[in-house]
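Listed features, source TrEMBL:
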- 1-20: region 'Disordered' (REGION)
- 1-13: compositional bias 'Basic and acidic residues' (COMPBIAS)
- 68-88: transmembrane segment (TRANSMEM)
- 80-329: domain 'G-protein coupled receptors family 1 profile' (DOMAIN)
- 183-207: transmembrane segment (TRANSMEM)
- 240-265: transmembrane segment (TRANSMEM)
- 277-300: transmembrane segment (TRANSMEM)
- 312-331: transmembrane segment (TRANSMEM)
Amino acid sequence: MSGHLECHQDTGPRKGRCSSSISQILPRHAWQKIYKNIWVGNIRMGPAGAFCFPSCNLALLCTQPRDFAYPGIYLATVSWNLGLIVLIRMDSRLHTPMYFFLSNLSLLDTCYVSTIAPRTLSDFFRKHKLISFLGCAVQYLLFSRLGLTECCLLAAMAYARYVAICSPLLYTATMSPSLCVQMVAGSCITGFLGSFVQLCALLQLHFCGPNIINHFFCDLPQLLALSCSDTLFFQAMTSVLTVIFGLMSVLVIMISYGYIVATIVKITSAEGRSKAFSTCASHMTAVVLFFGSGIFLYMYPDSGGSSSQNKLVSVLYTVIIPMLNPLIYSLRNKGIKDALNVWKKKLFSWCY
């Protein structure tokens, strides 16, 4: 089949539907035509919320939260996370495995929110909220990759806390710089592989127009709701990935904290118990927020994820949690507070 969409003039509720799949739009043996189709204009933006193909409309209308607080939340998220990264890098006392993982989490959150928020903010100034098929696929790939990477990274942080509390004398030897780098790199590679598998399966689906998403970014429930293909295989694969990334990560975290709690209750000093609990409380708060909202969205989808409740949870999941993470990890952290005080004094001394 040539590199264009085929319009089917059927009767019934799907009259004039447009069927497409990546194998139809982008044929295997015409790579030059692929790039021409994508970049020259055969796949191009169209009017009235549609992204238009040569002879059909495949609409993708993204409705977003129209609160003026949204730009401020995004700027706060980016500035707080980047500020925490700079603070950890500039203070040598924070060059420990725990803060190494924290700086990587902040970098991950910055990239995570930046895959969605800039596009949503640009739509504030557009009459028609349009996104191309390629743009939607890339956005989902990046969003999925960063989300799966954060699952693995939170599990790695739980293990680091287990070593710090249960084997403090071996902490430096066990959590060596090379091991920390390997754990972060492994989280990134694993997240990429999981998202790439999903994307390859997603691009094989057929989509029936008009494809209008009542949401503010390209997420899995919305894309599946648009497909007129049998999504049973895709759903089975998603369930397997959910077990691998979600449940396995939660299992590692629960086992780590089970040992941590067992160790803490054996501490005779009230001050020691309080310090140990405060060390873990911030991480557990971040884990509950991240996995709780993720389970609500992806294990119990409602009408393709388009309900107002799902949109609200999506905003929490994609913007609010990345903004809160620097605060959660910093407010009760003595090391971060001491580093801030040192740099405040230096700043005042430079100014006066």
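In case you wondered, yes, glycine gets a Cβ from its N, Cα and C as well.
Here the structure is a predicted model, which means the values were calculated and not measured.
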Could you pull out which residues elsewhere in the chain have a CB under 8 Å from any CB of the transmembrane segment (277-300), counting only those six or more residues past its ends? 147, 150-151, 154, 157-158, 161, 164-165, 219-221, 238, 242, 246, 249-250, 253, 257, 260, 264, 310, 313-314, 316-317, 321, 324-325, 328-329, 331-333
I'd like to know the mean pLDDT over the domain 'G-protein coupled receptors family 1 profile' (80-329). 85
